[in-house]
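Okay, so here's the structure we're looking at.
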Amino acid sequence: MADQLPITFQEFVKLPELGIDVSNISFNTLTLQSDKFICIREKTPQREQVCIVDLDDTTKTFRRPITADSAIMNPENKIIALKAGRNLQVFNLEMKAKVKSCMMSDDVQYWRWITPFDIALVTETAVFHWSIEGTSSPVKQFERNTTLNGTQIISYCTNAKMNWMALIGISAPQGRIVGSMQLYNKDRGASQNIEAHAAEFSEIWLEGASQPTQVFSFTSRNATGSKLYVVEIDHVEGNPPFQKRSSDIFFPPEAVNDFPVAMQAGPKYEIVYMVTKFGFIHLFDLESGACIFTNRISGDTVFVTTKHDNGIIAVNRKGQVLSVGINEDNVIPYILQNSGNVELAFRMASRANLPGADQLYVQRFQQLMSQGQYGDAAKMAASSPRGMLRTENTINQLKHLQSAPGQLTPILQYFATILEKGELNRYESIELARPVLVSNRKALLEKWLKEDKLECSEELGDIVQPHDATLALSIYLRANAPAKVVVCFAQSGQFDKIVLYCKKVGYSPDWVPLLMQVARADGDKACEFALSLVKEEPPLVSADQVYGVFSSLNLVQQTTRFLLEALKANNESDAHLQTKLLEINLLNAPQVADAILGNNMFSHFDRPYIAQLAEKAGLYQRALELYDNLDDIKRVAVHTEVLNGEWLVGYFGNLSVDDSLAVMRQMLEHNMAQNLQVVVQVATKYSELLGPQKIIDIFEECRCNEGLYYYLGSVVNVSQDPAVVFKYIQAAVATGQTKEVERVVRDNNHYDAEKVKNYLKEASLPDQLPLIIVCDRHDFVHDLVLYLYSNGLSKYIEVYVQQVNPSRLPQVVGALLDVDCDEQVLKSLISSTPPQFSVSDLVDEIEKRNRLKLLHRWLEAKASEGSQDSGVYNALAKIYIDSNYEPERFLSSNKLYDPRVIGAYSERRDPNLAYLAYSQGQCDDELLRLTSENGMFKQQARYMIKRRDIGLWNKALAGDSQHPLNQSHRRQLIDQVVSYGIPEADDPEEVSVCVKAFMGANLPHELIELLERIILEDTPFSNNSNLQNLLILTAVKVEQTRVADYIERLGNYDAPDIAEICINNGLHEEAFNIFKRFEVNTEAIGVLIDHVGSLDRAYEYAERCDQPEVWSRLGKAQLDGLRIKESIDSYIRADDPSNYAEVIDVATHAGKFDDLVRFLLMARKKVREPVVESELLFAYAKTERLSDLEDMLRGPNIAQIQKVGDRCYDEDLFEAARLLFQSVSNWARLASTLVRLGDYQSAVDCGRKANSTQVWKDVNQACIAEKEFRLAQICGLHLIVHAEELESLIRLYEGNGYIDELCSLIENGLGLERAHMGMFTELAILYCKYRPEQIMDHLKLYWSRINIPKVIRACEFAHLWPELVFLYVHYDEFDNAAQTIIEHSVDAWEHASFKDIIVKVSNVELYYKALRFYLKEQPLLLNDLLNAMMPRIDHTRVVSMFQKSDNIPLIKKYLVAAQSTNNKSVNEAYNELLIEEEDFVGLRNSIDNHDNFDGIGLAQRLEKHELLEFRRIAAHLYNQAKRWRQSLSLSKKDKLYKDAMTTARLSGSTEIAEDLLRYFVESGNPACFSACLFTCYDLVRSDVVMELAWRHGLTNEAMPYFINMIREYQNKVDTLTTEVSELKAKVERGGNGNGVAPVANGPNQLMGPAGLGGRLLLGPGAPASNAGGMPPNNVFGNGGQSAPGSMSGSQFGGF
């Protein structure tokens, strides 16, 4: 009966299955603001959190750690509002941001979302609305009435405009639940108090109303009864008034104390849902107040509801989320069948468009039509549910009816009603469009289309097309008529939209004819259209097809445009189209072809063919680009007058070398004057490629000197080929271009100078300047001078040196001297030449020829003129030296000559003059060589001392690559320096450089000799400290025996530095003497200690000096030597505690604490350091001077007592440690110390004060070791609350075998406030190991607080199978739980729990493993298990499993229950079982109700069954399979004639029916023959029946058949005659003019003069007897046969 209920009922989810504890499911903790989210506040001892369940997908449940008094989710978005006390906050969970917050002045007793943006807040005194938008605070709406004081607020609602509000609370005076409601109107500012439990605002549509009516419904249950009230609020003017409705609410006897808790409205159905506390739901019609349905939906209390899809959703105490809605298929039939409220069913079906009242509508429509109420009938038809009356037949009826004058016709009322409330269907739209278009009211159609009032169809578009193509296009688009849409686009020129539309709707028209049509209309548009088609992937048309269309219409421009775009990819497959494109343009528009070829867009066309066309069109450039044949190229290239010269030059770059040369030759031979310029340009540009020599040969062959000159002139400046330059010089000479020859020989560097020189000599040019330039550049001066002098061209010699290159004067003079030229001529030439020549070179040239005196006067003149040229003075010096004319004076006084030149010149003549020249010029190398070679060491020594050049000294003393060292020369030099040089020196810098030189040359002995001469003898430098230091240091290194003597004799040296150097060189005594002489006592004793190593001498020295720093130094040394007592004595005498750290360290390691105390007491007086005092405390402890230690502790100190105490503790000085820890109140360490001292009670007391984990641990371990378990437990209770300490504590107890004490410890700790999961877990594991009898009770109590996986492992190891199953179940490991039960069934199996577990497993294989387990061990419970698993198992597999084991009878009950799934295997197994049990009744029912099995196979098996009823079932199966003859054969065989006749009738086959008749006749069974005629009346033919009856004497048996047949035919003939007569009369009246349709009523009617549609309807009218308007029976509808079974049994004589 559930499928006949007027409601749909669904369970969304069970909240406990989502891990939500039932204790958290209540009115105070769970909120339901919409059908999107459920919000639950979960509170456990461990945490507080908010759980949010997404009702759209319950798997998306998520939790947030939020502590709040209340939480409500936004109705639409993931926004949560939280209340904690008076603080309100709103958060966006997706954006993780706070939206808004506020602080209320009063406590909020109730709150809820009233819109997605507003929250209602109910305080003890007032109601507020708080918007989450903006920054506004809550706005007060109204004051609470005092009648609500002391009530629990359970609901608050408002209407859509939020000007009406209802606040509801409940209370329980005298044990009865009383509802109190405050209804408030914001516009009036007034309240009304009403006794009510639930309320809801809604709206309904009343008949004849233009706007919805606002209603307010509420329910109340008082002592006298319970009622629902519906009243109108905010009446709208013009709407019919709504009368107040009230209806009794029925409560069943078992719900005496029940009362309404919530109401929700369903606007679509205008129904209100009321839910009661006990889970009953009531559905009421808002307009009438009538109760539609009442039933119980929940056995538990429902405490919260909200709207859901025009229904309601609710949550009960068990956490079931339930929804109730309207069953649209059943609600109207339910109302009609149960309440009989026809009007309610009629109104509800109409307003909600529901099925179930179709027959009612048809009857009422026919009634209105028969009563002439055509307008009402039209309105009814228009508003019929699901448009059941909006048919073509209804329209045909209405459009022929006329209306009273001044009123709309029924058909127009029909259309107007539909347009007002909805949209027209296809047929209505067509029928309305015709008169509208005829009356030229096209705007109405456009308006209705925009409002979606018309159903667009292709037929409607065809009707509109002649009147408005754009409107027709819109209709075609909406009607999805792509063929017509494409045509409209094409006709309107919207070609760009065609392809987009076709792609969108998936339509593929024949594109080529469509393109042809477009091309005929507009070529440019056709081009764009074609491009859009070709660009599609894959292309909708090929480019060939488009070309064919365009070329057939001679659209050259469009063809070009299309092909340019379509072929831009330049594919080889498009070669023929490229050729076609160029061809049509070369023939029709050569300039376009020229542009195409110029852009190099294509490369695959027929190049020779296009080249020929281009040549014919005068496009020689394009022809050349395309031609490959040399003859063609030569033929075209000569037309330079029309070719672009620049391009033509570039074109030669594409030809081979030989072809280029051949074309150039052809151009020169064809027309040299016209083509010379181009040929020269080509030759110039491609000179390197073609080869200059080949080009020159062409010009020479063609005798074109001018061309050769121009060509070579353009390349000569870049060419490096000497032959090219020479040819150019020849060409220039030949053409008289002397200036160009002069330029080339001057600027070019790549010609053969010898060859050019000889050619110019032979050419005998009038101007010898080119020859002069060549000889000057290439150093042919001597040849030039000889050529000019011998040919009488002396003037060109003067021109050369005076104008061309004066610097060549020395060579010219030399050449003229060689030809014995006159001296006067030479002097004149030298005097007249500008001074740009080198005098040195001139002197060299003349000096080579021993004619230097020739220049004497000229040189003196130059010198007197103030010349600065060194060459002048070098020449003069040489002349003076050779003539011995006071050379010393000149060399000493003149500074302008080159000393190296003159020195070298003088070396062989006079070494002294050379020394003088070298010394004047500081020519060190030359002077050093000169003096060494000539034994001039005294001069050398003096020069070097005066020179003060360390580098020069190094060369003389050490030698280098230019001056190899000569020991003899160096010794002589040193002797001269020591003997004469240094004594004569008076400049300290000279001495210093000399000393450094000796040092740098590593001559220590010579240096000592030098320094003794300087210092020990009476010299100005004897008291120089640096020299004394140097002398001592040098002696330290090479003559240590002299050091002591020097130390005693000298007194102005740096004692500390010298002493340190002596130490470093092992001269310790000398160093000690130096420190001692200069009274540096600290350093002196340091030498004795560190180097001499004599502490005794050091002690004696310290006694003699008696200085504190000396004693400190001695104390440090003694300490390093581990003379601790002596060291401390020395430090005490020095009164120096600075080295206390080292003293403490050494004394501590040596255990010298008594001596250390003495030192520390001294140190404490001068140094206030924590280390000193701390070490003193420790020394007291080590020396057991505890009284001194206590005294020091009592006094002021800065010791680090804690560290000292730790050291004492580590050193087992526990008494001292006790004093120290006690002084700093370190209870932790004190406790540990007391443990070591055996005072356990005091240790525990200190542990309490310390409250440290480590202390408790230490004390606990000590107490356990001493078996003080009471004290150990006290410590252990402080340890086990720390999870990290628990495991080690357990190991300690277990390792010592104290299991009972451990269990007692943890058991006592479970009640602690800080008890954690680890404690419960470890206790469970201990129970598993040692007390298995207690484990189950422990798990049942604390399963939620243990670490289940860990305990699972322990239980499994201990073989505690029931406990293991319990843990698996509570850990949601149902697979493992089931597996454990199966494997250990003896201990773990229990049927009820196994059923609960097996249905929750995720591994489906466990289902079948469980079945095998039950089959083996509990076969009688199989059906119960199967019923529990039925929704989850594969029935086919189950059946197969039991078939294989031959145990199908065991699961018969399961098979019966599983047949509802109509599974083939189940059906066949059950059928097989019924056959075995010979239960034919059950088998027949199974076959009829469940058809999924092998019917033919079963029939074949049953037809051989020994029982008749099973063979009847086989015949029945053949009927179902439409194997009629097999069924008939079986029935006839068993003489089941009734079954046979039924089979024949069901077959619908005339042949089968007549064969059966013949069988009955042949078998002599007249009664069955007559019965067969009755049964198969519609199938048998009358002539066959008549023949069989006549032939076999069965006329009497056949007579009832013939009587009925003749009566039927007679009725049909009469009806036909009547209709023909009426039609004839109607036609005759039409001919007389009486049948003209009436004219439309008034100008505003939509009909034309011919009525709706404008055409005459010739169909037959309804007969007069058919008052209801139903059409008559169609004479030819069924071939003259009546319906089966239309004959009564009495006609066959009571058969």
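Backbone N, Cα and C define each Cβ position, glycine as well.
Remember, predicted model here, so these are calculated numbers, not experimental data.
The compositional bias 'Polar residues' feature in TrEMBL is assigned to 1683-1695.
When the domain 'Clathrin heavy chain linker core motif' (328-351) is classified with DSSP, helix, strand and coil residues number 19 helix, 0 strand, 5 coil. Per TrEMBL, domain 'Clathrin heavy chain linker core motif' is recorded for 328-351.
The annotation region 'Disordered' is assigned in TrEMBL to 1668-1695.
Annotation source TrEMBL lists repeat 'CHCR' at 534-680 (among others).
Taken from TrEMBL, the feature repeat 'CHCR' applies to 683-825 (among others).
According to TrEMBL, the feature repeat 'CHCR' maps to 830-969 (among others). Mean per-residue pLDDT, taken over the repeat 'CHCR' (830-969), amounts to 76.
Residues or ranges marked as repeat 'CHCR' in TrEMBL: 982-1127 (among others). Helix, strand and coil content of the repeat 'CHCR' (982-1127), in residues and according to DSSP, is 112 helix, 0 strand, 34 coil.
Summarising the annotation, TrEMBL assigns repeat 'CHCR' to 1131-1272 (among others).
In terms of DSSP helix, strand and coil, the repeat 'CHCR' (1277-1423) has 117 helix, 0 strand, 30 coil. According to TrEMBL, the repeat 'CHCR' annotation covers 1277-1423 (among others).
Residues in the repeat 'CHCR' (1426-1569) partition by DSSP class (helix H, G, I; strand E, B; coil) as 111 helix, 0 strand, 33 coil. Annotation comment: TrEMBL describes 1426-1569 (among others) as repeat 'CHCR'.
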The repeat 'CHCR' (1131-1272), counted residue by residue under DSSP: helix, strand, coil: 110 helix, 0 strand, 32 coil
Distal contacts, the domain 'Clathrin heavy chain linker core motif' (328-351) - CB-CB under 8 A, six or more residues away: 3-7, 205, 269-270, 285, 287-288, 290, 292-293, 357, 360-361, 364, 383-385
Per-state residue totals over the repeat 'CHCR' (534-680) - DSSP helix, strand, coil: 106 helix, 0 strand, 41 coil
Composition by DSSP (helix, strand, coil) of residues within the repeat 'CHCR' (830-969): 98 helix, 0 strand, 42 coil
DSSP-assigned states of the repeat 'CHCR' (683-825) in counts, ordered helix, strand, coil: 108 helix, 0 strand, 35 coil
